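Below is one structure; the comments refer to it alone.
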Amino acid sequence: MSFQQTNNNATNNINSLEELAAQELIAAQFEGNLDGFFCTFYVQSKPQLLDLESECYCMDDFDCGCDRIKREEELRKLIFLTSDVYGYNFEEWKGLVWKFVQNYCPEHRYGSTFGNGLLIVSPRFFMDHLDWFQQWKLVSSNDECRAFLRKRTQLLMSGDVESNPGPVQSRPVYACDNDPRAIRLEKALQRRDEKISTLIKKLRQEIKNNRIYTQGFFDDLKGAKGEVGQLNGNLTRICDFLENSLPTLTAQIQTTVLTTTDKYVNLKEDLLKVAILLVLVRLLMVWKKYRAALIVIILFVMHFYGFDKQILDIVLDLKDKILQTTTQAGTETLEEVVYHPWFDTCGKLIFAVLAFFAIKKIPGKQDWDNYISRLDRIPKAIEGSKKIVDYCSEYFNLSVDEVKKVVLGKELKGTQGLYDEIHVWAKEIRHYLDLDERNKITLDTETAAKVEDLYKRGLKYSEEKIPDRDIARFITTMLFPAKSLYEQVLLSPVKGGGPKMRPITVWLTGESGIGKTQMIYPLCIDILREMGIVKPDAYKHQAYARQVETEYWDGYNGQKIVIYDDAFQLKDDKTKPNPEIFEVIRTCNTFPQHLHMAALQDKNMYSQAEVLLYTTNQFQVQLESITFPDAFYNRMKTHAYRVQIKQEKSIWVRNARGEEYNALDVTKLNKDEAIDLSVYEFQKMRFDDESATKWIDDGEPISYDEFARTICKAWKEEKEKTFHQLQWLEAYASRTVAQGGSETSEYYDVWDETYFSNLLSQGFMAGKSLIEMEAEFASDAETFNAYIEYKKNIPKETKWSKWMTILDEQISALSTKIRELKNKAYKFISEHPYLTALGFIGVMISAFAMYSFFERTLTDDTITSEVGSSGDNKTQKISKRVVEVGGSGDVKTTKPAKTAVEVGSSGDSKTMKNKITKVEVGSSGDSKTQKQRNTKVEVGKELEKEAETQGCSDPAAHALVLDVLQKNTYCLYYERMVKGEMKRYRLATATFLRGWVCMMPYHFIETLYARKVAPSTNIYFSQPNCDDVIVVPVSHFIAPNAERVELTTACTRIHYKDETPRDCVLVNLHRRMCHPHRDILKHFVKKSDQGNLRGVFQGTLATFHQSANELCRAYQWLQAIRPLDQEITIYHEDTDMFDYESESYTQRDCYEYNAPTQTGNCGSIVGLYNKRMERKLIGMHIPGNVSECHGYACPLTQEAIMDGLNRLEKLDPVNNITVQCCFEPPSDIKDTMSGETPEGKFCAIGKSNIKVGQAVKTTLLKSCIYGMLSKPITKPAHLTRTRLPNGEIVDPLMKGLKKCGVDTAVLDAEIVESAALDVKQVVLTQYNSMLDVNKYRRFLTYEEATQGTGDDDFMKGIARQTSPGYRYFQMPRKLPGKQDWMGSGEQYDFTSQRAQELRRDVEELIDNCAKGIIKDVVFVDTLKDERRPIEKVDAGKTRVFSAGPQHFVVAFRKYFLPFAAYLMNNRIDNEIAVGTNVYSTDWERIAKRLKKHGNKVIAGDFGNFDGSLVAQFFGQSCGKSFYPWFKTFNDVNTEDGKRNLMICIGLWTHIVHSVHSYGDNVYMWTHSQPSGNPFTVIINCLYNSMIMRIVWILLARKLAPEMQSMKKFRENVSMISYGDDNCLNISDRVVEWFNQITISEQMKEIKHEYTDEGKTGDMVKFPSLSEIHFLKKRFVFSHQLQRTVAPLQKDVIYEMLNWTRNTIDPNEILMMNINTAFREIVYHGKSEYQKLRSGIEDLAMKGILPQQPQILTFKAYLWDATMLADEVYDF
């Protein structure tokens, strides 16, 4: 019979729980389970026993009101379960006991600590049986006694023998039990035991008979007697040991030896099994051809050794553990396991083992070396390892979370996090226990709501399963004061006080019996549906029937409708007034109505009724008790109706008074309707004091449906009215200012709360009495008055103060508890660092497994992949181009013709390394960077506190704020003159949403208008280390000369759905040509996301901080961001004394948050830190409440912003089409890395993967006749960082780029537009009558843009010998320049693979421009290898050239080359000299143009022309010159027309806001244009024409106002320009105020440098034509040619002979230069020709020249110039 069956049968024979426990204790001892059961009955320490001795549990004497019978039944089940399942450990059993106590006795004083070794039975019972327990422990050590008692106990517990006959012999005895040898062995052992027992018995008898006695003189020594007696006792104990303990000890030793031997044998077998499996697994990894066979063998071995069964048993056991949810003990154990610190470590180790099988081999030393080597290249091993560890850990943590969900069945919070949360909750309770805070409960609804939430949070914490008993007890302690505060909230008037909605009063009269009461409920349902209460049974509990005869409003619980059926039936009398009359006065009012309730718990109830329904039989109400009857009728007359039956549905009847009236004819009702509402009609009644009946009909009767709609509409209007009134009152009580600063003063009180306390304490210690000290205070009246106030304010001891004291102690204890837990965790980890190391190793192996997996997946199976390069042909990888981070020296991975970048400097130009370069902490001086010794870092003082790292709650939001927003956010300033001094004021913040569209609060515009800021005042956009990068005048925002704030067409406000404007304005700055920005619109939330924005969130405010004159970024942390669905009124700053249109404005629906915002934060973007939200940006900060530290944000969604962009585009479809454009960084740019920029106004974009190199050696060489004909005046410019003669070290590239970032002027838009319109008329006029204009009004094909049209000299093919530009020059090439993509022969290549790739790049660029995406065009900044004047070279001045990529060149030519060709075919007459052949009659035409208005001319040159270009001009050039041309063959109202316009705008933007690269830095220019674009000279000419007209207008305004029109300019000035060179012919009428000197001075005012053509600085007002130079040529009339010719300066002619270039044959270039020199010198006359000829012939005769030059006669050269016969004349 099993022991479980014995227990089941013994259940009915046990009389008490104590007996059951005793029997169970015996059974547990017999089964050897004392550790599992007996210890649960035994008290941990004797002091606990004494404390519990006087107590009783509910199971014995103490009665707590629980179900005793059910409790005892559960306890029996519990004990049976424990005795049967001996595998339960103490913790599991304790959990069961805990669940029992929680279910049946949760209020017991020891309930919270039950299970920690306390008793399950009463302490009194345990004390009574303590001796028995001790004896039992001695008895149980004897085997015979144990066997005897086992049988006896089983018989006692078995009950009736007949009902339980015992076990049945169901099978025979095994043969081994009948072995005679076993019987003999057993008898021998028995005889041995008997012999030992007999010997011990005899020994005892001998000791007893022959006791040792003292003799002789020892008899008198008591000490000796004691020692002898002790010796006798020791002999007795030795016998006891031999008889009792020694056999047991011997048996235990034998058992231990046998067990150890068995375990050793089992271990050997297990090791052998594992070794066999490992060998098979290794073979499986090596022998790929025999994998199938090996798998079969492995499966057979596993089955042979029984591994398959063990695995299945483990899985089933795990499944049972997971699915076991019937007992709390199992759940709590799993929870503890999941949160055990070893869980993560074990999981990572398992993960590592799985990775081992995935790798299919044990990583060796070479594998790890190669693995680390590869990680080192991308970019370094440490960075790569960190990223992989982060990724693997993240996925592992996600897996752990899923395991927790599956195993535990719920999402569990971290215990540590929950403890911190409880700590904060307790502190909040302690905060509101203070008297000042507690008083706010009755005054502040927000405080009341917070206190109410504290109690609810406490209830939630009490339901949590918290293993720590101290924390659970702490929660229980804190719940009582939280409940007391909650009860105070319930009794607070703030829950119902304040203004209420004036109820809609409906007064229905009619004869009795027509069904007024029956009709009331359908009316209630219709009203409730209008209120939004649509539940079918809502009318039952939302309509309250009021009986006035009952004094109390019992049963009222905030119902919205109150019905007074048969009202005013009681007569009103002065002595006994009708309470209904006065209740009408109180109820129908906005003043709060405090209801009279009978129950105490219902006190403090206020009326919330919104509709009052009165039914009466007549309108005449007798009013005697009130002094002003009109007060009654004013409340009742608004909706007074007489209910009557329609004629066709009525029948005439007579009432008791003999009057006839229409009653309802029930026979005419609709049988299908339970209540037929169609029979009623409602006659509106109007109160008329002059009428006899006081009431007259008002209009025609209406049906029920119309009546119900009228009442619902009236309710809705009154509801909205009340809502607005309450909003106004709230706003009036707490005015929110538009984030203005305020001045505060600090006051100090001499007698603070500690002053008298300190004096009294000191006095008592000195022996003074209270009377004596009070007399001293009374000597001064002011001091005595303060003392009286101090006595009044002495806090009295209350229950709140007691709770405050207790809570302070509890909170302190909890803080200590949390610190101890942290210290224990830290200590555990620090003492066991190998756990962390094992976890890290697991992650590393996992990372290596992932790497191996992808390597196997992505490589060809037919070729064995190697981790590192071994040089073996069989294992060599497929040849492919490898990109290195640094040079490795490997032939296979070395980049062609590129200097690699090393971690350290090796001095090797090829950067070939034999070993991996190591990065040192300190410098060792070794070129190989090998460390000679470890560098030690000393710490002077040990840190006293431990620094803890804190992770970011939302890395995506953090990256968004730091990387994206910071490049789109600007701080705004403006300047104005104050008392003769220009002062700078901070306005606030603006954010660019995309491209040129920025967003800012609308009240900025109002502020500028109210402060009367002049339209010409500039608004400066600044960022840290980039001041005033964008400058925009106020006139761009506010229309000038407007009587109120009126936005320009470049601005629009964002609206709500109902067209209500928000405090947010969008501004398009494309007309001001500021640089474009990235598109961040996708980061704003959508409308669909707003449903998830419930509750409270955390976030940040991206703003700026001004420290002295330095601007830095600031990120304001926002607490408790929550939606606020109500209007707020925002007031302008009180300190701002300017005149606003109104003192405040309203913002509907906003986000509210707790943050100490300040002036200047307005306009900052609010971002959420929430991983569950894909999009993070929710709004823009607009106002703040400084006193309450609250801020508010205007909500923004993608839909709302897109609606605003569409509105903006419709305002000006041409100029605002750019609102859809945006900038995106190039594809190979790391925009998250901060790149460097040259000094000046540039915008950093990031770092490039491609590092651009620079030429370091010039190709210019001194010719063989250098300095022999003339003294050299030029030399090659510097191409590298150079030390100048004055000792200064100069980087010529940085010095040249600095000129492009200078500050530029902001000009009046009207002036710029006037100049642009005049230039448009000039350049678009067709002067060449032989020209077919339709030939140019088109776009080119791809082929035409590449190879040219073939029919126009100004639309030739692209020069293919020049650089292909960014990204292309890094590609392997066989031919120089662009020839790999465009071909090298006469025909251009369009079919090769490279040609097709280029075509795809061009098409992709065009598609991006069509979508408004500015992307993937980078100009490379390089130094120009040329000769410059010696003084400029010595000053370190080298010109910078910016080369464009070839795909952009093709695309730009496709859309703009025809327009450029048209301008060049109409050259000179359109003021543009581009395309001029200086040897032809073109020079004569230029001369005639410069003599049109007389002989006074000027020739000028701009200093730093490219750097001073104003971006504002570029927009006008494109808009006023190219756009009209574009419209002649494109309809912008069609889709194709809009697409083409967007393409042209995109390509133009790539020029005027070009992206540049030097080194690996990528940045954007804010103005100017790159010199390497196809339109450079044309753009400069247009700019030149515009700037001279602007100077004319500015000078005329000051000196000749009547001459400032463009008509006067054309009448008095004619000009010609080529790039930045120009010449002007000026009439005598204006030359005194418009000349070389005045123009130069005016140019300085608009930040341009304009000097004479030679840049000498010696300027005259108006030189003659023969004195000036244009394009380094003069204007000379040739009598031989009879026209004006262009002789080149003589020093330039002779200088070209001093130099040649480093080509295959430099002398060939010299001979070409000699030929060109003779053709140029002839224009200077025959004498100069003879001088040069004699010098050249002399050098030839001396053999200095490499060959004899071919020299023509003077007349022959003139003839060639006349006929343009030589190729030198062919332009």
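Using N, Cα and C of the backbone, Cβ positions are placed for all residues, glycine too.
Feature annotation (Swiss-Prot): of 70-78, 106-114, 1357-1365, the stretch labelled region 'Interaction with and inhibition of host AGO2' is 106-114. The stretch that Swiss-Prot tags with coiled coil, taken from the ranges 1327-1355, 1385-1413, 1414-1442, is 1385-1413.
A distance of 9 Å separates the Cα atom of CYS1162 (active site, for picornain 3C-like protease activity) from that of HIS1003 (active site, for picornain 3C-like protease activity). All protein chains included, ASP1063 (active site, for picornain 3C-like protease activity) registers 25 other Cβ atoms within 10 Å of its own Cβ. Counting Cβ atoms from all protein chains shown, HIS1003 (active site, for picornain 3C-like protease activity) has 24 others lying within 10 Å of its own Cβ. Across the structure, HIS1003 (active site, for picornain 3C-like protease activity) and ASP1063 (active site, for picornain 3C-like protease activity) place their CA atoms 7 angstrom apart. In the three-state DSSP assignment, the secondary structure recorded for HIS1003 (active site, for picornain 3C-like protease activity) is helix. Along the domain 'SF3 helicase' (482-656), the predicted structure has mean pLDDT 77. CYS1162 (active site, for picornain 3C-like protease activity): 29 other CB atoms within 10 A of its CB, across all protein chains.
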